[in-house]
Amino acid sequence: KMSNSNSLADFLLLAFTDRRELQLLHFSLFLAIYLAALLANGLIITAVACDHRLHTPMYFFLLNLSFLDLSFISTTVPKAMANSLMHTRATSYSGCFAQVFLAVFIAGGEYSLLTVMAYDRYVAICRPLNYSTLMSSRACIKMIAAAWASGFLNALLHTGNTFSIPLCQGNVVEQFFCEILQILKLSCSDSYVREVGLLVVSVCLIFGCFIFILVSYVQIFRAVLRIPSEQGRHKAFSMCLPHLAVVSLFVSTAFFAYLKPPSISSPSLDPVLAFLHSVVPPAVN
């Protein structure tokens, strides 16, 4: 067993299976999903960047969402694919650190961006006369910068804190990528309280954003239902429902992956839930 995090040369990630045929099947499945995510998000980024008619706040936020999705899936999936292909479980200490930092950074940024997008939909439908003022180019850039900055600060705090904790329980991470909760399980029993405190603060902030999105959509649906024409209501719903679907997918998969009761946690269920949260949303958003 390792006595200190500084003495760790590498971590051992979870292997889905030891059978070579199933490892290759796992590699093929991840490759197909990864290529689909690359293609779909790449097309969105290209279309929004190249078509001047799409240079609006809604599509500007969508471009950023696609870029974050692409970054998120690129943080976790390629390493898992490489390990399956090369029949190994090892990942370097620095690689694990980078993976945790990037995953927390991108996930935090994406959640902040989804909150900003809810505000954009609220202004478009509930305050249309003020839309061009409230969602000016400068305002949009400030919102995007705030979303990215919040993700960066969150990642800096959590990653620095997690990797400063002594690890006494070996180096086996029970997940197919490095994540904070799995690394905390390797820590000395009395040294993770500080990080748990930070996680509670993050959960409170996440809950605050969720309430903001919820309240925004209550106001949006109340405004939409007051639109007299059916065509107008349909147009308003079609603007909002895709975003609402993305938020629901992102929040529900995160909830089941990280906030489920310990009684339903198991070594076989946890990787499946992590897969649903870290791989599925970026591929289908």
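We count from 1, first residue shown onward.
A Cβ is built for glycine as well, from the same backbone N, Cα and C atoms used for every other residue.
Residues 16-17, 62-63, 66-67, 69-70, 73-74, 77-78, 80-81, 84-85, 279, 282-283, 285 of the same chain, all 6+ positions outside the transmembrane segment (24-46), place their C-beta atoms under 8 angstroms from a C-beta of that stretch. Under the heading transmembrane segment, TrEMBL lists 24-46 (among others).
Among the features that TrEMBL reports, domain 'G-protein coupled receptors family 1 profile' is placed at 40-249.
For 58-77 (among others), the entry in TrEMBL reads transmembrane segment. Among residues of the same chain six or more beyond the transmembrane segment (58-77), those with a C-beta under 8 A of the stretch's C-beta atoms are 30, 33-34, 37-38, 41-42, 44-45, 48-49, 99, 102-103, 106-107, 109-110, 113-114, 116-117, 120-121, 124, 140, 144, 147, 176-177, 239, 246, 278-279, 281-283, 285.
According to TrEMBL, the transmembrane segment annotation covers 97-119 (among others). Outside the transmembrane segment (97-119), and at least 6 residues removed from its termini, the chain residues within Cβ reach (under 8 Å) are 58, 61-62, 64-65, 68-69, 71-72, 75-76, 79, 91, 143-144, 146-148, 150-152, 154-156, 158-159, 162-163, 177-180, 183, 206, 209, 212-213, 216-217, 243, 246-247, 250, 254, 278.
The transmembrane segment feature in TrEMBL is assigned to 139-157 (among others).
Within its own chain, the transmembrane segment (196-218) has Cβ neighbours under 8 Å at 111-112, 114-115, 118-119, 121-122, 154, 157-158, 161, 180, 184, 240, 244, 247, 251, 259, counting only residues six or more beyond its boundaries. TrEMBL lists 196-218 (among others) with the feature transmembrane segment.
What TrEMBL lists as transmembrane segment is 239-259 (among others). Here the transmembrane segment (239-259) has long-range neighbours at 58, 65, 107, 110-111, 114, 117-118, 121, 124-125, 181, 203, 210, 213, 217, 220, 224, 270, 273-274, 276-278, 280-281, 284-285, meaning same-chain residues at least 6 beyond its ends whose C-beta is under 8 angstroms from one of its own.
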Kindly state the mean pLDDT of the domain 'G-protein coupled receptors family 1 profile' (40-249) in the predicted structure. 86
